[in-house]
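Remarks on the structure that follows.
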Amino acid sequence: MEEAVLLNRTSLVAYFWLRGLSVNQKVQMAMFSMFLIFYVLTLIGNILIVITITYNHRLHTPMYFFLSNLSVIDVCHSTVTVPKMLIDTWSEKKLISFDACVTQMFFLHLFACTEIFLLTVMAYDRYVAICKPLQYMIVMNWKVCVLLAVALWTGGTIHSIALTSLTIKLPYCGPDEIDNFFCDVPQVIKLACTDTHIIEILIVSNSGVISVVCFVVLVVSYAVILVNLRQQISEGRRKALSTCAAHLTVVTLFLGHCIFIYSRPSTSLPEDKVVSVFFTAVTPLLNPIIYTLRNEDMKSALNKLVGRKEKKEEK
């Protein structure tokens, strides 16, 4: 018995090999340049949103409080995977240790699940603002906003701990090749030296159900909002439609990936890598663009912030 346990421990995989996006060196260099630009713009765009909201007192409202949380999550979410991918483009063997792989999975699901809950809360915030404007500051007071923020971060943490715990309890003794550029639960559990059917069902019932339920709630919320907008004056309707359109775009891009990946068994499809690129590198970049270009208040605040900097430089 002791010999079997010892054998099992010594045969555990210490490192995983990431296939990455391509084996062609020229393609890898092109992707390095592209994703480096994406990552830098993601950092600049989202950090700029946080700074703008922090220093502009007119934006100290529930909507922009949650938007600043979204920007923080996007920076963290992108940082979990993109820097490692950029480093791996210069490496012949794209290795990641088992501990680093587990850590990457934990934070990936922490920020992804937290963002799903946050998008749902933002939809509720818009529902109250548009459908019950007279009660808005009572329903969405700062105490409620802070409690919602704590709840969504707590929910994301619990979800991530649950998935990571299921993954690390499995025995890994080979193979050690992950067909992606980062560690994710569906790809990793396929490498386990045991039957993972029950684990796959648990993952679908966890991540998949969360994604689908939140998506349905979001669609229903915005449907109610759009019906309610018919009763408002044209200027208020235009502004509200612009805000809702931005939210729906983000929801579709982000939750589309989650539903595609986590609502089915752990089988590899050719589209997985493309969807994963949008999930980890493109969507965090698009969020600040979508929210600033379609939001007059944000554009005005950004112009004021830039104007202040220019005046300071002139002095």
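A Cβ is built for glycine as well, from the same backbone N, Cα and C atoms used for every other residue.
So that you can see what the record holds, here are the features copied from TrEMBL:
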type: DOMAIN; residues: 45-291; note: domain 'G-protein coupled receptors family 1 profile'
type: TRANSMEM; residues: 29-51; note: transmembrane segment
type: TRANSMEM; residues: 63-86; note: transmembrane segment
type: TRANSMEM; residues: 106-124; note: transmembrane segment
type: TRANSMEM; residues: 144-162; note: transmembrane segment
type: TRANSMEM; residues: 209-229; note: transmembrane segment
type: TRANSMEM; residues: 241-262; note: transmembrane segment
type: TRANSMEM; residues: 274-293; note: transmembrane segment
Contacting positions for the transmembrane segment (209-229) when only residues 6+ beyond its ends and CB under 8 Å are counted:
113, 116-117, 119-120, 123-124, 126-127, 130-131, 159, 237, 240-241, 244, 247-248, 251, 255, 258-259, 262-263
Where, among 63-86, 106-124, 144-162, 241-262, do we find the most CB pairs under 8 A to the transmembrane segment (29-51)?
63-86
